[in-house]
Amino acid sequence: MSKMVLQRVFRAVIMGPPGSGKGTVSGRIIKTFGLTHISSGDILRNNINAKTELGLLMKACIDQGQLLPDDVMARLILNDLRTLGNTSWLLDGFPRTILQAEALDNAYSVDSRLSSRWTHTASGRVYNIDFNPPKVPGLDDVTGEPLVQRDDDTPHTVTRRLKAYENQTEPVLEYYRSKGVLETFSGTETNQIWPHIESFLHRKLSIHSKKVA
Ligand code: AMP
């Protein structure tokens, strides 16, 4: 008797400005989750050290902190990713421009964490295949009943929702940002983000009550 095992490939991009601790966070993610780390900067530095044609050509540009041409970068990174096949990976340093992001999107369809979401309708319990999977794939942990996907959590719709977010919601973030009232919290899991949100609100609320008093 054959048994089908549900296995998901997890692919992610980590972004953040220089000095934002991206390297440290990447290291932790890789150590904990066993993803393959693809760092565009490391790949380029290896090319420079090995004095490859690419390394020699691009050294001056890199030394000046300029971005390399999109087509060169896209070919380099996509070739590397192709050799990984169905492995889970974390991309670091790529994409850095819209053109690079589009090249990546064309090679790998958008696979948002939303499309990984499954729900137990009766109780409203939510599972995420990547971060919080049910003990038995497709079944609720408590009742053993089947899980369902919301109609708007399918990959096709998620792509559209992400586009809508980009077009309609991001300008709203900018609006609040320009007023100086936007606070952003970063992280991939609620447990990780919550302490920051909580202490931020504690701080805000205590200042507010002092003013009122
Ligand atoms: P990093 O270590 O990621 O900061 O990369 C070091 C340098 O490599 C950058 O300053 C760029 O010159 C070049 N580089 C790395 N990744 C990219 C990329 N995705 N697009 C263009 N240039 C890049």
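Each residue's number is its place along the chain shown, starting with 1.
Quick reminder: no glycine exception, Cβ is built from N, Cα and C everywhere.
Caution: TrEMBL annotation is automatic and unverified by curators.
Now, the feature entries from TrEMBL:
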BINDING   GLY19, SER20, GLY21, LYS22, GLY23, THR24, ARG117, VAL126, TYR127, THR190  GTP binding site
REGION    39-68  region 'NMPbind'
BINDING   SER40, ARG45, GLN66, LEU67, LEU68, GLY93, PHE94, PRO95, ARG96, GLN100, ARG150, ARG161  AMP binding site
REGION    116-153  region 'LID'
DOMAIN    117-152  domain 'Adenylate kinase active site lid'
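Here the features listed in TrEMBL are painted onto the structure.
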{"residue": "GLY23", "record": "GTP binding site", "Cβ within 10 Å": "18"}
{"residue": "SER40", "record": "AMP binding site", "Cβ within 10 Å": "19"}
{"residue": "GLN66", "record": "AMP binding site", "Cβ within 10 Å": "10"}
{"residue": "LEU68", "record": "AMP binding site", "Cβ within 10 Å": "16"}
{"residue": "PHE94", "record": "AMP binding site", "Cβ within 10 Å": "24"}
{"residue": "ARG96", "record": "AMP binding site", "Cβ within 10 Å": "14"}
{"residue": "ARG117", "record": "GTP binding site", "Cβ within 10 Å": "19"}
{"residue": "TYR127", "record": "GTP binding site", "Cβ within 10 Å": "21"}
{"residue": "ARG150", "record": "AMP binding site", "Cβ within 10 Å": "14"}
- Relative to ligand 1, which of the binding-site residues GLY23, SER40, ARG96, ARG117, TYR127, ARG150 have a Cβ found under 6 Å from one of its atoms? SER40, ARG96
- Tell me whether GLY23 (GTP binding site) sits in a helix, a strand or coil according to DSSP. helix
- Task: For the region 'NMPbind' (39-68), could you work out the same-chain residues 6 or more beyond its ends whose Cβ comes under 8 Å from its Cβ atoms?
- Result: 26, 76-77, 80, 91-94, 96-97
- How many Å lie between the Cα of LEU68 (AMP binding site) and the Cα of GLY23 (GTP binding site)? 20
- Query: If you measure ARG150 (AMP binding site) to TYR127 (GTP binding site) at Cα, how many Å is it?
  - Reply: 12
- Comparing the Cα of PHE94 (AMP binding site) with the Cα atoms of the binding-site residues GLY23, ARG117, TYR127, the shortest distance belongs to GLY23
